[in-house]
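Some notes on the structure that comes next.
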Amino acid sequence: MPQQETITNYTHFPYKEENDGQEGWICGRGVAIRRNKTNTTECFCPPSLYGEYCQHFSDRITIITSLYNIPQKLLEQSSNTIKILASLLSDDSVIDYYIFHVPLIFSKNLNKKFRFNLIHSRPKILSESYTVRFEAYHLSVDSSIKFISVWEYPIHFPFLPSYRLAQVLKFENDQTISSKPHICHVANPCRHESTCHPVMNKLNNMSAYYCRCNTNSFGKQCEQLLAPSSSSSICSKHALLYLISPSKSICLCPTYRYGPTCSINHTCVYKNPCGVNRGKCYNNPDNLTRDYICVCDKKFFGDHCEFDSAVIRINFTDFVFVQSPSNFIMSSIIQLCDLHNKTFDLIVREKRVYQGLPSHTTEIFHNNHYLPMLAIMKLYHKQQLSNDYVANLKQPAYFILYITPFKVSHMNLTSIINMTNYCPHTAIAFQKNISDASYLSEYECSGRCRAGGQCIHGDLDDRKDFVCLCPRCYYGSVCQHNTELFSFTLETLLTDDLYSPSDVVRRLFSSMKSQS
């Protein structure tokens, strides 16, 4: 790409009484700058425009993309980040690139769509083939950078001045990749100790591959070596060098650094703006105004965890009504809800999930100044299916815990679960009167529980807040342990019998656990 002239002596237009405002608009969508010495106007154009007055549109590719099926092993390390390097290639030569990040701590942003432009060089050579490549890197908290996956998409109509590419970057399972006789597994075509990777969106093509070059080689097969005397990179020692040519490189920054050369520390490195013992500071690399975000402890909320959360403390004094063997409870959920002023829909503000019944003393924090106006407890019973232990997820029992029209920040509640607060027709009312009943769907975490266990999600903003209802002879947080082939073991003797219909048995296991 042609290099732009660097203007070192400039000021903004001084205000003049006789200025008719035309100079401010002379550059269109660019920024007009006045030179002091020559008293001339220069235009700073955005990447999508060029020309003396930013009057010409650059040939560009508009990218719209998002991530899908992020590996579970990465999601379990929620403090880490996925970095995506998108490159526009012309016959394997990088023309333009763009970098964006997906912090795994933000559950809501995992499916976020990213939109940006990649600019063609001028003039654009129509005889060449153009490709957009996406490379995914895993940024760990220990400042390491690890290559994950790669996708490649051709530009079918390069003669168009503006082209739109909308793609979902799907991560394939490791078993799917390793089960095929790919060229990377048979014979490594990459040279100089570089690594070969299958292209995620071309797994059916056994000869499609990408070479991840080391720091001193480049080219399609990493066949070109950088001369020992060359110094093509000004990246800091913390960055991962990505060679494009002998004279050009990209600096891939680790978690806590940013900038063209990765020499600037993020705010979280040298201070904690989230308060002492109130929250953790996480990097937000793509935010231009604030490069961090505070993930607050449940007792606090706010941009900097500066406010105390509202709290309700519930003391359940009696569960006899729901503890009979015929009314066996496998899971329970407590929801704090508000009521929509116009549609009267229930708006779930907080949700907590429990294995079996909640503890007799339960504390729930709400990230707001005041508690919602309504609290509901939902109990999931065991289905009457011979010896199977399956929860009836479609017909929970509803109980009202409190209703208040006032603004309350702290509440101490004593509740008895019996017929006085039981709502026998709530499910029917929800189905008839509420069109958007998405809050009724608790089991949106399928695939996390093993052995066919049922998964019930709690806080939808926290991917780790779920419980697994395991079938008979299975137990563990995700039903990972199996006792079907053994009569008994020491581990099973010390494990809670969650499915015993006897209250005496459950109390026995609870006493054994408290003494151990």
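The backbone N, Cα and C atoms fix where each Cβ goes, glycine too.
Among the features that TrEMBL reports, domain 'EGF-like' is placed at 180-223, 264-306, 441-480. Annotation comment: TrEMBL describes Cys213-Cys222, Cys296-Cys305, Cys445-Cys455, Cys470-Cys479 as disulfide bond.
Using CA atoms as reference points, the disulfide-bonded residues Cys296, Cys305, Cys445 were checked against Cys213 (disulfide bond), and the closest is Cys445. If one looks beyond the domain 'EGF-like' (180-223) by at least 6 residues along the same chain, the residues whose Cβ comes under 8 Å of a Cβ in the stretch are 92, 133, 135, 147, 149-153, 167, 169-172, 240-241, 243-245. The CA atom of Cys305 (disulfide bond) is located 29 Å away from the CA atom of Cys445 (disulfide bond). All protein chains considered, the CB of Cys222 (disulfide bond) has 22 other CB atoms within 10 Å. For Cys445 (disulfide bond), the number of other Cβ atoms no farther than 10 Å from its own Cβ, over all displayed protein chains, is 19.
Distance from the CA of Cys445 (disulfide bond) to the CA of Cys222 (disulfide bond) is 42 Å.
Shown are the disulfide-bonded residues Cys213, Cys296; the one with the most C-beta atoms within 10 angstroms of its own C-beta is Cys213. A 10 Å radius around the C-alpha of Cys470 (disulfide bond) takes in these disulfide-bonded residues out of Cys296, Cys445, Cys455, in sequence order: Cys455.
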